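Asks: Structure provided below as structure tokens; questions to follow.
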Amino acid sequence: MIQAARREFAPAKLNLTLHVTGRRADGYHLLDSLVVFLDVGDVVTLTPGPLSLGIRGPFAAGLDAGPDNLCLRAARLAGREAAITLEKRLPVASGIGGGSADAAAVLRALDAPATGIQTLGADLPVCFAGRHSRMRGLGEILDPLPAMPQLHLVLVNPGHGLSTPSVFRALAHRDNPAMPDPLPEWPDMAALIGFLHDCRNDLEAPAIALMPEIATCLAALRGADAQLARMSGSGATCFGLFADADQARMAAADLAVAHPGWWVTSSGLAPAKG
Ligand SMILES: C[C@](O)(CO)[C@H](O)COP(=O)(O)OP(=O)(O)OC[C@H]1O[C@@H](n2ccc(N)nc2=O)[C@H](O)[C@@H]1O
Ligand SMILES: Nc1ncnc2c1ncn2[C@@H]1O[C@H](COP(=O)(O)OP(=O)(O)OP(=O)(O)O)[C@@H](O)[C@H]1O
């Protein structure tokens, strides 16, 4: 059992790019992705007590607190007991890694080692490290990114979850080109955005085929003057990059008014980890 209470932020994960470069015999896909962490996220609090989970917050209703919840699976993997409270602020099954972020936060709060964490999900290693990374392999090969300029983001989710396996199954071409190696430096946001325009999220087209509203989200971000709009992960959350924090905040406010059923928020990057 843990000795003292711990509170841990579980930042949203964003795939600025997601290239699917192959598929293994076991059906898992090889990825090449720029992954960054945001200043929006869930919060987990652990207090001494037998293993338990309570969920509150705006997206609590969409999530089961049973034994399959990734917070409980993470604690069991670590072999530790704690009373866990999850403040669910991120939409569930939305391509921004909520479950993986929560599991990683529980493991950090328990000072658990990284051993075996990928059994909880392909996004676990990057979320556990919590560092802006180039992520390859199935998600286990991580290289820190060159210094990132500050980004001014708006996240938009159409309000329905999307299953990751079904998006991978709907992918038409599985052998797509990787990102350049090595990656260039990005001295400012313009350089990064120029680079991102030459990259892709290969899961965007299959996700749109399954949930056409994703295309509406992307069009709305572009209509709000985003310099780049793209889907994250296996969707359905999309992000727009804006010129500055004020423009991002104003675009988020306008989009929220125009689309009351959507989850809309402005965000910056989480502070870089050393
Ligand atoms: C798409 C990403 O969000 C990109 O960051 C992640 O790779 C998905 O990570 P995750 O949600 O932790 O995914 P997991 O729970 O491990 O896998 C869900 C399902 O996605 C597919 N999957 C996932 C990762 C991967 N490299 N290849 C895959 O084919 C598999 O069908 C798998 O059963
Ligand atoms: N703590 C948790 N938070 C969110 N989802 C969880 C959690 N525990 C288990 N799950 C299950 O995991 C599934 C994926 O949820 P999650 O929010 O991690 O997806 P995602 O944002 O699409 O992730 P990714 O970007 O890694 O594909 C959901 O269907 C949900 O039922």
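Using N, Cα and C of the backbone, Cβ positions are placed for all residues, glycine too.
Just so you know, TrEMBL annotations never went through curation; they're auto-generated.
Sharing the record's features from TrEMBL:
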ACT_SITE  Lys13  active site
ACT_SITE  Asp123  active site
BINDING   Pro91, Val92, Ala93, Ser94, Gly95, Ile96, Gly97, Gly98, Gly99, Ser100, Ala101  ATP binding site
DOMAIN    70-111  domain 'GHMP kinase N-terminal'
DOMAIN    198-252  domain 'GHMP kinase C-terminal'
Asks: Name the secondary structure element type, per DSSP in three states, that contains Asp123 (active site).
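Replies: Assignment for Asp123 (active site) reads coil.
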Asks: Do you know offhand how many angstrom separate Asp123 (active site) and Ala93 (ATP binding site) by C-alpha?
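Replies: Distance between the two Cα atoms comes out at 13 Å.
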Asks: Which ones in the same chain are close to Gly97 (ATP binding site), with CB under 8 Å and 6+ residues apart in sequence?
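Replies: Ala12, Lys13, Asp123, Cys127, Gly233 - these are the non-local Cβ neighbours of Gly97 (ATP binding site), listed in sequence order.
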Asks: Measuring CB to CB from Gly95 (ATP binding site), give everything in the same chain under 8 Å that is also at least six residues away in sequence.
Replies: Asn15, Leu162, Met231, Ser232, Gly233, Ser234, Gly235, Ala236, Thr237
Asks: For the domain 'GHMP kinase C-terminal' (198-252), what's the model's average pLDDT?
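Replies: Mean pLDDT across the domain 'GHMP kinase C-terminal' (198-252) comes out at 98.
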Asks: Of the recorded positions Pro91, Ala93, Gly99, Ala101, Asp123, which ones put their CB under 6 Å from ligand 1?
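Replies: With ligand 1 as the reference and 6 Å as the Cβ limit, the list reads Asp123.
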Asks: DSSP helix, strand and coil counts for the domain 'GHMP kinase C-terminal' (198-252)?
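Replies: The domain 'GHMP kinase C-terminal' (198-252) comes out at 26 helix, 10 strand, 19 coil.
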